[in-house]
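Feature annotation from TrEMBL assigns active site, proton acceptor to Asp49. Per TrEMBL, NAD(+) binding site is recorded for 49-50, Lys54, 121-122, Arg147, Asp149, 160-165, Ala184, Gln215.
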Amino acid sequence: MRNMSIIFNPKISGIENIKNNIEEIANKKGIKIVPCGKQTELLVSLGGDGTVLKGFKILPSFDIPLLGLNFGKFGFLTIDCKDILKTTEDIIEEKFCISPRMYIEAEYTSNGREHIGRALNEMLIFRKDIRMVEFELTLGSTPFYFRADGIIISTPTGSTAHAFSAGGPIVFPEDKSMVIVAFAPFTATWRNCIYEGTNIQMKASKECDIIIDGQEKLTLPEHKSIKIKPGKDVLKLLVPQGWDFWKTLKEKFSWGKGLT
């Protein structure tokens, strides 16, 4: 590796000093720090999960690995960094492993313009006013109709994020599937599920907002069909050697620690 790019959350106290320390160590090892672009061979994110999601948005190519170092609050997509020197040396010596992560894309056309969104975690389709929305959701060739406040279409990576908070199932993040979670569905007309198909077609009876990874907002006109499908590539998210998703899950959510 010759070139590395760094992004960071400027709202975190002292983060620029950490960035400068990493740059200094990297330069001494012959690694050049460059703006994120065609020269980038590795993108390092300093912050929390939101900074990783930002990095996902700006990656010029999915051939470039993304490494998130946690300086935020929760950090499910990031690695805890207690020793900057050792962590930077591990980065340079390429001691991290690739965890392939699928993403999803949404496509629809409105007023002659094609809209495309891309999410690593989830897409939230939610009502604009106080009334429930009737959704038409087509899985394969079978349509389903139900009323709810909104729907989350999540990746396996995002199954521990917004979808989990809404009662969705947890999916191993390297799987290839989509999690469908309804917000406050009316009666028993829908239950959350894991879908392994190639695409989801959806319509809403009213205009809705589409919130993509909590960072981007689009408008879905009423009765306009939208297609959500897995992306053709995968994100190369770097994780430590010996990384164990279930151990991370236990530590982050304090699961299975007994009653004492």
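Cβ coordinates come from backbone N, Cα and C, glycine included.
In TrEMBL, annotation is done automatically, which means it is predicted and not curated.
All features noted in TrEMBL, drawn onto the structure.
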{"residue": "Asp49", "record": "active site, proton acceptor", "DSSP class": "helix"}
{"residue": "Lys54", "record": "NAD(+) binding site", "DSSP class": "helix"}
{"residue": "Glu122", "record": "NAD(+) binding site", "DSSP class": "strand"}
{"residue": "Asp149", "record": "NAD(+) binding site", "DSSP class": "coil"}
{"residue": "Ala161", "record": "NAD(+) binding site", "DSSP class": "coil"}
{"residue": "Gln215", "record": "NAD(+) binding site", "DSSP class": "coil"}
- Note down the number of other Cβ atoms within 10 Å of the Cβ of Ala161 (NAD(+) binding site), including every protein chain shown. 23
- Among all the protein chains here, how many other CB atoms are within 10 A of the CB of Gln215 (NAD(+) binding site)? 13
